[in-house]
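Peer 1: Input: one structure, supplied below.
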Amino acid sequence: MERAEAYGFSGVMSGAFLLSCLLFAAVSRRQRGPYMDEVFHVPQAQAYCQGRFLQWDPMITTLPGLYLLSVGVVKPAAWLLGWTGSVVCSVGMLRFINLLFSAGNFYLLYLLLCKIHQKNKAVSGFQRILSALTLAAFPTLYFFTFLYYTDPGSVFFTLFSYLMCLYGNHKTSALLGFCGFMFRQTNIVWTVFCAGNVVAEKLSEAWKIELQKKKDEKISSRKGSFSDLTRILQFLVKYLLSPKNLVTLTALTWPYIILVSLFFVFVFINGGIVVGDRSSHEACLHFPQLFYFLSFTGFFSFPHLLTPTKIRKFLLSLKKHPVQYSLVTVISLFLIWKFTYVHKYLLADNRHYTFYVWRKVFQRHELVKYLLVPFYLFAGWSFADTLKSKSIFWILMYFVCLLAVTVPQKLLEFRYFILPFLIYRLNIPFLSLYRQLLELAFYILVNTVTFYLFLNRTFRWENSDEVQRFMW
């Protein structure tokens, strides 16, 4: 990092943290008590603060990583600063933990952008800082910086694990992956993703050697054709069936293998991936979740995905491959028809934006969910097109992880899309400065509207005196 860039990044990060602190104060004044899922998280953390580590709220579905870390931070701070009484492990103090995670996420996003795009000399330091600021302000993640939820910490440890993986420090990466798993069990998928990065790199090296042997450079430059994909899959099967290759890959990824093995032991002993309330978190094959994620990504990445050039390219691709697109359309319609699930929380809780998305869009008519398929096709094509700079093996690995982290979820919840979105966004090429500024301005606008609604547009339910607020 050059000195000017270092000073610039320090200034931007300090300014963003100061602004977050002011917003944190406003949220804490308006909503002093626990809100939404905080009514479970805060008392659990306070029980741990008081040394009652065997106490557990059966409504909590995640492991106690957030509470253990909170106690590990707050207790020493209280001892050093002489805090006593109710201020220790108060709602505000616990929420402040996530403000620290948010600052950490900003730094990790910047480091990841530098590492992933280090070969792109055309990208300026200002663009890297701007992109890190934009991702740190990603609305769905940024909102939960100000509440005591697991998301900021979950993202922090997962991004940290990914960074260590890219630097080849796989034992540290696996250890950080375990911390991420303790915040949210589904983060084990991103441990597999880190291992997949290592495997994809080795596969790419072997594939280049294969191409040189056959002197067939067309395969690497035309990743979109079906015949090339078939040949790549044949190579993949052949490579992975070789005992020598398997030994090599195992030697490189053994820390991740140990962690994934521990995960399966946990699932076996626990009787499932969810702890606590399992009735509302049943796994199912909810394939339309992939379509919702693509729509979500298209909305928040429209400067990357929704451009006149991409629309023209998509129409040309549609004209060139009508049979393939027709087949994908039929499969998509079938998946929507047979595998669409509507969780009871989605229909019952009018505090979440997903409630209004579902009511205003999907419930307008039975055919709406099918009429959206053309948009899904474009979003999926544009999504894949932005990743074309990555190797085919990386794309396949990422897609498998994306399916694993989204499809089993019955509930449509935007928070579940945060990590797959960030991993995607970190790995696509940089845009022009104008489009980067447009993306940041859009995120600021969404955040402004979100916090205005949360702080000022309160309402009450007929059967409750508590103030209700809109949120993600």
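Cβ coordinates come from backbone N, Cα and C, glycine included.
A quick note: this is a predicted structure, and the numbers were derived from the prediction, not measured.
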Peer 1: Pick from 173-191, 287-305, 420-438: which range has transmembrane segment per TrEMBL?
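Peer 2: The listed stretch tagged transmembrane segment in TrEMBL is 287-305.
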Peer 1: Report, as numbers and ranges, every residue of the chain located at least six residues beyond the transmembrane segment (367-384) whose Cβ falls under 8 Å of a Cβ in that stretch; write 'none' if there are none.
Peer 2: 288, 291, 294-295, 297-298, 305-306, 310-311, 314, 317, 325, 328-329, 332-333, 336-337, 340, 361, 395, 424
Peer 1: With CB pairs under 8 Å as the measure, which of the listed stretches 6-27, 125-149, 287-305, 440-459 comes out on top against the transmembrane segment (390-407)?
Peer 2: 287-305
Peer 1: Using Cβ atoms only, state whether the transmembrane segment (60-81) and the transmembrane segment (325-346) have three or more pairs under 8 Å that are 6 or more apart in sequence.
Peer 2: no
Peer 1: Given the cut-off of 8 Å on Cβ pairs that are 6 or more apart in sequence, determine whether the transmembrane segment (325-346) and the transmembrane segment (287-305) share at least 3 such pairs.
Peer 2: yes
Peer 1: Can the transmembrane segment (6-27) be said to touch the transmembrane segment (440-459) if we require at least 3 CB pairs below 8 Å and skip pairs under 6 apart in sequence?
Peer 2: yes
